[in-house]
Amino acid sequence: RMAGPPARTAPGARQQVQGGEGRPEPATGATPARDTRAPFRFDYERFRRSLRHPLRFRKRSVLLSGFIQFYSIFIQFCSSQMMKFAWDNYKQYALGKNELRPLTKNGHIGNMFGGLRGATVIDALDTLYIMELEEEFQEAKKWVEKSFDLNVNGEASLFEVNIRYIGGLLATYYLTGEEVFKSKALELGEKLLPAFNTPTGIPRGVINLGRQDTLKAPFFSPCSGMSWSWGWASAGSSILAEFGTLHLEFLHLSELSGNPVFAEKASASHLVLNRVEKPQGLYPNFLSPVTGNWVQHHVSIGGLGDSFYEYLIKSWLMSDKKDLEAKKMYDDALEAIEKHLVKKSAGGLTYIAEWRGGILDHKMGHLACFSGGMIALGAEDAGEERRQRHMDLAAEITNTCHESYARSDTKLGPEAFRFDAGSEAMATRLSERYYILRPEVVESYMYLWRLTHDPKYRQWGWEVVKALEKHCRVEAGFSGIRDVYTTTPTHDNMQQSFFLAETLKYLYLLFCEDDVLSLDDWVFNTEAHPLPVNHTNFKAAVQH
């Protein structure tokens, strides 16, 4: 899930502003990262025994019968074959590049990952494993072992590297126990630590992945280890959805390494956010990493804000419901959102508006459609009245997002839809009519199915499968489309890595039994990489 503007515009120029908030900050002079190779061994077998539902992915449906069983298994097969098609074409035309351009049959590198390659490989690993595409998984694993080079030098998005690369590597390690994935995740995690060297501990959005003490020509750069804010970010600010979307992965980096520095860095943002005053209890999207104060009063549950809220409730769940600070922050934030942002259209559709200094913008982005699943997930342990209210709200928001799909000619949803000028749940601007294979709507379908077993969510998921096959499948992969309101759309020539990580995984899980990656044992990061709930403290694992 992208937190900000499209990747082609995100890096911009390094912003130079008064006070130095946009200038790169070197790691030198800061406390060096502690060695992650402490005398510690994570006990993987003990972890596997702690799972309440043993890992299994066999396509059996003991609780289903007759046509319903056939229907479920058939759509599992369809989504796994879509995954195989997407992977096979990526492997043939773009292996080692970050993403596939399926129309021109070549690879795309982009500028989000600081010289790292193979984003689609890392994003696809756990999906291939879960779908039991064994040959394809081994191909991806071999690439990681032989070709995944971390000795790079370039400007990377802290957020994107964390959710895609570190999240994907961690998830695949926990699923397989293969040490190569753990060691790569820990090595890459160390490269991100200089981003936190700010007066507040709030990380900047861009990090140069090189390290001055290890890089040699031609990789050495005077910017190695430096961090800075996005050029488009107001007054050198950090983005709520970026610095707020580190907690899950960084806690697991500490869990696997025995080194608390990762957890300490990720937890610093909660201290700052609890200290700063929130307008109407809401969290604006831009915060200064120098002063710890808000820079603008723009609030969004979609892009720039989204996964901050997601990681609050998931931090509590991942802690086995022990992180009461994260739970309170989530509860308070949701209460403010309910009070100030949740609205109902004239046609009866519930949506979450955006807030700009007290003025509402009556729109929802596709990115905000994850919130139905999030609210349902957070409702499970609430009191009865609150639980029912939140489950109703989750279902209403998910229904609205479904309507944004149902009201288009392609039955796929636009990038943003509005509730003004007599229009409801439809894009009213040409710049918002595109669909780039995003997962958030089917993500909410999966959670609502798991928590209610209302068959309409599976029916809606099947509609998405058919629409993807009809409008996004091309000769050499899947492509986004530029206008969801025409039945002959133009393709954008990009098979996003998150299509393999998220969209196809959530569609597959929607038709699996509940104990396939049970929500009792697993929390999905914002790139749909499953990370385990900490039922046991593995820091007490066997020493060397």
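Just so it is clear, glycine is given a Cβ too, placed from its N, Cα and C backbone atoms.
Note that this is a predicted model, so its numbers are computed, not measured.
The active site, proton donor annotation in TrEMBL covers Glu160 (among others). Glu160 (active site, proton donor): 26 other CB atoms within 10 A of its CB, across all protein chains.
According to TrEMBL, the feature active site, proton donor maps to Glu415 (among others). Note on Glu415 (active site, proton donor): other Cβ atoms within 10 Å of its Cβ, all shown chains, come to 20.
Its own atom aside, the Cβ of Thr526 (Ca(2+) binding site) has 28 Cβ atoms within 10 angstroms in the protein chains shown. What TrEMBL lists as Ca(2+) binding site is Thr526.
Under the heading disulfide bond, TrEMBL lists Cys369-Cys401. Cys369 (disulfide bond) is surrounded by 31 other CB atoms, counting those within 10 A of its CB over all protein chains shown.
The region 'Disordered' feature in TrEMBL is assigned to 1-35.
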Original post:
List, in sequence order, the same-chain residues at least six positions removed whose CB sits under 8 Å from that of Cys401 (disulfide bond)?
Top reply: Met364, His366, Cys369, Gly372, Gly413, Glu440, Val441, Ser444
